[in-house]
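K.L.:
Following this message is one structure expressed as structure tokens.
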Amino acid sequence: MDISFSSEVCIERARKRRRSNDIKDGEKEINIQVIVRCRGRIDREIAANAPVIIETNFREVQLKSPDKVLKTYTFDRVFGPEADQAKIFDHIVIPILHEVKAGYNCTLFAYGQTSTGKTYTMEGNLDIANGQMNKHAGIIPRTLFNLFQDLEAEAQDFSVKNAADGIRVLKQGSVKRHAAQTNCNKNSSRSHSVFFITVHIKETMADGEDLLKVGKFNLVDLAGSECIGRSGAENNRAKEAGNINKSLLTLGRCINALNERCLHIPFRESKLTRLLQDSLGGKTKTCIIATVSPAKSCYDETMSTLDYAYRAKNIRNKPVANQRVTKKALIKDYINKIERLEMDLRATRDKNGIFMSAETHQFLVNENKSRKDECEELQKEKEMLVEKALIDHQHRKNLQELQTKFNDLKAMSMGFGSTVSRKINDAYKERTKEISEYHKYIDEQLDRFEQQKNMLEQIFTSDGDVVTTFFGEINKLRKGFQEAAIKKDQGLRKDSVTMLKSLHDELAGQSIKMQTYHAKIDEEISTLVTTTQEHIDSQNQAIIACQNITEEAAKTETRCLEEHNDLLDNAIKKECNIATSLNEELLDIIKKELNKFTNAQIDRLKETYDKVHDSTQQNGMKTSNTKYLSGHKSQYSSTKENLAYLIKESKVDLSANVNNITKGMSSHLDKYKSLIESTLTSLERLTVSANDESSVLHKQLVELFKSFASDVTQCYSSLQNKMTKSQMELESSTLQVNKTLKENSNALTNF
Ligand SMILES: Nc1ncnc2c1ncn2[C@@H]1O[C@H](COP(=O)(O)OP(=O)(O)OP(=O)(O)O)[C@@H](O)[C@H]1O
């Protein structure tokens, strides 16, 4: 259970200031301030000879084993066992109090394992002797004393009369705060405590108008952060520890989410984080005091506390000073609030409607409507994102197809390259073959020439001149032929080389083009893949955030409906019980009255009869007036019979009436019950379809209750009519009986 106490301090500064001096907020972002306080060893640790593993040094904490430093953490400030309560207050709290007095909202909370000194730091010893606080007094009493010291110097007007008054408020709260013994701490706090101090500072302006500056100081003493097993908490203690762990776990998750700059911070998942929402990443100035034990036995918990605190250091808040308001505006604001609360109270007392004022109901309806709108917007956004995701999917598919095509192209181009080079090789081989064949042919021709030359030389040896001339011609021819052959060969070679070169050049160009093309496609595809991936990632993130918000909204909505449902449920049950007990009481009264009446009538008749009988006997008229008496006797007995019949009839009538009333009542009661049951069923149905329109739910609830109220009124009025009718019938029967009795009595008198 979370407990919060509240106290208000109002400081009036008579100092006159000009309006132009108002502080304008810089709205700068600042980190949460994180302080570590390590206490000395407590008796239990000394008795167990627990070695000390922590060393503190101005801004550093070192976790040590006997011979080496295991880990070093740096914080805004670190205090060791030598730092007493006064030092902590002077160094940490005094600067915060200045901010509070300047109109900022500030939060200071103590976090740490059980028995590390959170409560000692926040509350300490609350005793006051001779108007002075104890030297072990913690931050809260010192804050109160400090504020009231200020008041004694300058103030004239305040709501909490003095520091002792404030400490009394704190003590009252502390009594309610659940404390129990665990393995680690004799007097362990099993809940979180939040002490709010609101300081109103009045300043009178040059024009005589009063301005109020409001600063709030939230002092939070969290329950121990230890794990259940280690603390030795059992049964209910373990359950408490579970709840504590849940809220501290949520606090840790919020700190992590803030640290990682996540879109969604799960503040609403626990009451503690809902309370501290503005203190974590909000407009409040926040300071965390992490308390640790120096003992080795607490090594794991100390490390976890220091890690937790270290993460919190990165959270950034944007403190904004509260607007100064005129006294009138503030009072008007308070009056409005009080009026709203009074209306709610009246509505609850009168049990009219749904136990809340129409304004609050309207406010809830509006809130539900805006939630519904928000849900619809989120739904639309979700649909849009799903659509986009589908497009992305298609995009991906296209990309895959493109990739396949590209691979095919690549394979094709590689195939083409190898075909071309094979063809070139083939052509080259062919040409080489052709050239070598040509060479062979020329060589053969030359051989033939040589043979023919030799032959002709033999034939023409006789005529030297002719032969010489002939051979000269032949040689000329041969030379020409050789030259032509060489030329032809060269030409052929040159052509082949040129052709091969151009083919080679063309191929090289093609290859470069191909490579460029490949590179370009590669680049395009990788860009496309990266962009698509980024796009998909961001869409996925947005979808997750959207889902979280939607789930959160749905949860809140369901919780809200459940609360309303419980409220209505209780109201209906209460009404039903009242009606049943009223009806039963009424029936009882009627039955009793009827019995009383009937018995009285019978007694009276019996009495009259006895009197008559006695007087007849006493007067001795039995013998002399036998005839006369027997006449009267028969008249009397017939009158008696008549009377008995009349009484019987009226009794029958009365019991019929009672039956009728009972029947009517029980039928009304049944109707009433079935109405309540059907209302409950509709409520359950409405709760089940919590995602349905909340405003419709509200309308239906209002309608149901209207018809319920009119049915109840009808039931009561018909009941009342029946009662009146039966009362009238009773009266008339009574008159009839009285009349008959009178007649009987007259007859007896005459007799
Ligand atoms: N700085 C300190 N100097 C002297 N004694 C201290 C100091 N800090 C804590 N102690 C003592 O240690 C014991 C445990 O402290 P305290 O009850 O404040 O722990 P806690 O962290 O609030 O524990 P829990 O989470 O179980 O409530 C108390 O007896 C307290 O007086």
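Each residue, glycine too, has its Cβ placed from N, Cα and C.
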K.L.:
Of the ranges 331-388, 447-504, 679-736, which one does TrEMBL flag as coiled coil?
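P.N.:
Range annotated as coiled coil by TrEMBL: 331-388.
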K.L.:
Would you identify which of the binding-site residues Gln113, Thr114, Ser115, Thr116, Thr119 has the most other C-beta atoms lying within 10 angstroms of its C-beta?
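P.N.:
Max Cβ neighbours within 10 Å, all protein chains included: Thr116.
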K.L.:
Let me make sure I understand the structure: which of the binding-site residues listed (Gly112, Gly117) has the fewest other Cβ atoms within 10 A of its Cβ?
P.N.:
Gly117
K.L.:
Look up Gly112 (ATP binding site) in the DSSP assignment and report helix, strand or coil.
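P.N.:
For Gly112 (ATP binding site) - judged by DSSP and reduced to three states - the answer is strand.
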K.L.:
How would DSSP class Thr119 (ATP binding site) in three states?
P.N.:
helix
